Amino acid sequence: MKESGQDGVCGFLVKFSKKLKACSLSGLVETKSTVLEEEEDGVIYNVVVKQQHGAPTSATSSSRSQCVKAGTEEKLVQHLLHSFAMGDSSFITIFLSTYRSFTSTKRVLDILIDRLQHPPGESTKSQIRQPFNRAVCMVFSMWLLEYPEDFRSLGEPGLLLRLAPLLPSDPSGTEIRGRLLRLAEELSEQALLHDSSSDRTTPSPPADPTKFDPTKILGFPAGLIAEQLTKIETELFVRLVPYHCLGSLWSQRDKKGREGVCWSVRATVRQFNRLASAVMASCLWPTQLRSQQRACLLEKWISVAEECRARKNFSSLYAIVSALQSNPVHRLRRTWLETDREAVRRYEELSNIFSEKNNYSQSRELLKEEGTSKFANLDGKMNNRRQIGSSAQGTVPYLGIFLTDLTMLDTAVKDRLENGYVNFDKRRREFEVLAQIRLLQSSCKNCVFITDEEFLQWYQSVPSLNEEESYRLSNEIEVPCEPSSGRTLNPTVIITRCPNLNSSRTSLVADSDSLFDFPSPVCHFLSKFTKHMKSPSVSCLDVDSSHPTNDPIPSALTPSTPVKSHRRSVSCGNNPTNNNKVSGPDMRIVRIRMDLQDGNMYRSILVTNNDKTPTVISSALEKHSQDTKQASRYELIQLLPEGKELVIPATGNVFYAMTSSSVDFLLRRQGGNTPFRSQPISTETSATFPRIKAKGRRLFF
């Protein structure tokens, strides 16, 4: 026994010395990587060649990997069937996540059907066909599993009926064929029933204002309210289709005939609007309350926001904070003075989560830390209370961050190369953002909630207040301050004479950081891009920071008072002077909307020191789906704080003509009315997501 034990020890030492020697030799191996571009049959590949020098025999070994950089539409679709065999294992996933940016489901199926009708090696041995058949099954199996709605969106079963017989006859092919035929039956039934509804959420009927009791919210525990809001938000987030967030799709949602696209993002927008409206209505509707009583409502919503934070429900948290920061609520000086100091301090902390500094860096850091964790990373009793006997919480993010990143990518990176090839590198970058959304969705799928019918009935009874109603109620509660007798008012409208104007290239650009430590190309691209540009206010849920003309900032709201946080802070507002400047001296990002009945949608654009007014107007018309030939009939107007306007000269340089006090512009037909405005011009919707207005009441979609 003793001898065998020694043999065992000796054997271990021998093996250990061999490993140590191998490690020391590997340290002498030098690896060099070379990145090349190769084009073959309509596809450009990024090829990485790795060479190792200095092995024990001084031999040189090399390895080669490649991935698609760009290609024609047809060749990219065909590459689905060859990518796995070529070592580009991520191609199928990225393609299926992003192809809607440059082609359609019908077009992809047409190309695949043609390929299946003329497969490679059809006159040769079966060993050539087997890998091809496996690839076919892999593509359609993944497609049907991840994106079955693509096939349901076809509207008619013809393509599926053509495809089914072409699938392989092995067990995998037979199973996929059965699923396709069942989908074909669904499409046939839908055609018979004329069921073409694309929006899966039916808007609720308008609430009856006579049945609304604003103060009833005080009877619900803050934790219960937050739980019910988290339930609603989680269900919406799990149903979110990630590719609906792609900049190329979301930015086109208002075009005629595109009303049904991005339905899952629209549902999230409606919920954000509804919650913001509920917060504002409950604070403003009971105009007869005393300031102390109304302060209790503010404190209740601050407590609800805290509970949302504990549940990692950042969407509801931001909606509540934004509503409290809107001007109809913000201007209630006496109410805020009666609000508990500790509640105000907590409100400040919650507001800082959504600071636009460094493109929502604090929000991104929280998502990075807590995205897939079981509980929020909080200190104090609240966190202990939440974790005792509580199930793990998913994370519902503020979707605006992702929409901003994706819209920025769509604007900053070209869809096609100079030779017309589809830029697939752009799709890889977009996929990195979509992957982050899907990771957070996975954390929410097993969450379980109990419905509280009483709260939901109250929530559904909240009436919708428009901007005028919000200000009317706010002014009834506290009469606007009158200006001092010795002070003269500045003119409300500033107009420089100019007969006509042109348009602008609509770009949406924002600096961005990754939410997670993905080794992704998008992170490097965004960090590199932001060295040249800064635009934190291109976010999806932007909040306007200007104040009403007839509501100057109350003198009581100074840093010495406990309500100092209720000034418009960086947390949710825009600072046009600093935040929207491009880091270089010759560029700036602006936002332009049309002066139309439904022209509340802003489009963002990068303006350089070479851009003249006609160029800016033409591009703006194009982005708003208007006739660019009509550019000479429009004028470009900069919307200044306090409702003032500055008309940009028709042949002037926009960069030098504009002031630094605002980034919002209006495109108006010449000869239209230019009213003397006593209230600021509405700036309702941002380019990527609805905006909550500091002088309005809620988000507009």
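Using the three backbone atoms N, Cα and C, a Cβ is placed for every residue, glycine included.
TrEMBL entries are annotated by machine, without manual review.
Model, not experiment: these values are computed from the prediction.
Features as listed in TrEMBL:
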- 64-188: domain 'N-terminal Ras-GEF' (DOMAIN)
- 191-214: region 'Disordered' (REGION)
- 221-480: domain 'Ras-GEF' (DOMAIN)
- 546-584: region 'Disordered' (REGION)
- 571-582: compositional bias 'Polar residues' (COMPBIAS)
- 586-672: domain 'Ras-associating' (DOMAIN)
Looking only at the domain 'Ras-associating' (586-672), report the model's average pLDDT. 82
List the helix, strand and coil residue totals of the domain 'Ras-associating' (586-672) as derived from DSSP. 24 helix, 32 strand, 31 coil
DSSP assigns the residues of the domain 'N-terminal Ras-GEF' (64-188) as 84 helix, 8 strand, 33 coil
